[in-house]
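Contents: one structure, followed by commentary.
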Amino acid sequence: MPLTTTGELIAEARQKRTAVAAFNVITLEHAEAIAAGAERAGAPAILQISENAVKFHGGSLTAVAAAARAVAETSRAPLSLHLDHVVSADLFRRAHAEGFSSVMFDASKLTYGENVKATAQAVRWGHERGLWVEAELGKVGGKEGEPPLDAHAPGVRTDPAEARAYVESTGVDALAVAVGSSHAMTERTAALDHELITRLATAVPVPLVLHGSSGVPDKEIRAAVRAGMRKINVGTALNTAFTGAVRAFLEAHPSAVDPRKYLVPAREAMAGTVAHFLRQLEG
Ligand SMILES: [Zn+2]
């Protein structure tokens with residue numbers, strides 16, 4: 001089906017009081033697996049490409065974006081394209097032309113004042129082109145002139161009043177908040193602060209985003225969605241599935257050379273992971 005937009009998917013999820021899952025694409029097999037998993041679960045999903053994945057592809061967004069778009073357009077599931085953790089202003093400005101309907105603009109390395117200024121500017125530019133813009137806020141705290149604490153650093157929690165002020169001064173369409181998850185966890189042991197999610201959902205006028213959901217157990221994800229999370233980002237869990245399947249195959253077949261032999265089980269393992277996460281959001 002034709003590419004859908006992240007804004008539409010999130011608006012629909014908001015209405016149904018559920019969430020949309022966004023999965024990170026690194027290789028073509030990731031994109032194919034996300035589409036297959038979404039079809040299997042009968043749910044929409046977001047194909048998300050991070051600035052780090054663009055760096056992996058030699059700094060070129062075009063090929064990986066074109067592949068993800070082609071996979072989305074030929075899928076039976078409603079899929080959108082999102083550019084994730086974008087620090088580079090150049091990359092941000094290329095999103096629209098490459099078929100992305102949404103971008104997460106990451107100004108977290110800047111001081112609070114500079115962050116607000118850069119994000120507000122990116123939002124204005126994006127909105128003129130119909131882009132849906134996500135940002136994240138850790139803890140403003142810190143000393144005057146220092147960047148806010150990284151939303152992904154362990155122990156950091158977003159303050160509801162600070163989050164509301166940040167959204168009002170930047171105009172972002174969605175906000176990633178720090179509530180107990182962190183990036184790149186290979187075990188699902190994170191405990192979320194559900195009371196804080198509820199307070200954030202009340203204080204912040206835009207949808208909330210959970211990053212680092214790979215490390216969050218199923219029932220914690222379901223509770224987070226009930227408390228008001230509307231976009232659930234999953235990256236590492238796909239790579240754990242992919243690499244586990246490749247490793248198992250190569251250990252069992254040490255003389256294998258044809259990549260299709262191990263990429264088939266790798267892609268299948270990722271599709272299973274995608275479908276599993278999407279089923280947690282059914283409510
Ligand atoms: Zn993230």
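Glycine too: its Cβ is placed from the backbone N, Cα and C atoms.
DSSP assigns D84 (active site, proton donor) to a strand segment in the three-state reduction. Feature annotation from TrEMBL assigns active site, proton donor to D84.
Per TrEMBL, Zn(2+) 1 binding site is recorded for H85, H183, H211. Counting only same-chain residues at least 6 apart in sequence, those with a Cβ under 8 Å from the Cβ of H211 (Zn(2+) 1 binding site) are E136, A151, H152, A176, S181, H183, N233.
DSSP gives D106 (Zn(2+) 2 binding site) a coil state; it is part of no helix or strand. The Zn(2+) 2 binding site annotation in TrEMBL covers D106, E136.
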Considering the binding-site residues H85, H183, which residue's Cβ sits among the greatest number of other Cβ atoms within 10 Å?
H85
Listed binding-site residues: D106, E136, H211. Which have a CB under 6 angstroms from an atom of ligand 1?
H211
Measuring Cα to Cα, tell me the gap between D106 (Zn(2+) 2 binding site) and H85 (Zn(2+) 1 binding site) in whole angstrom.
5
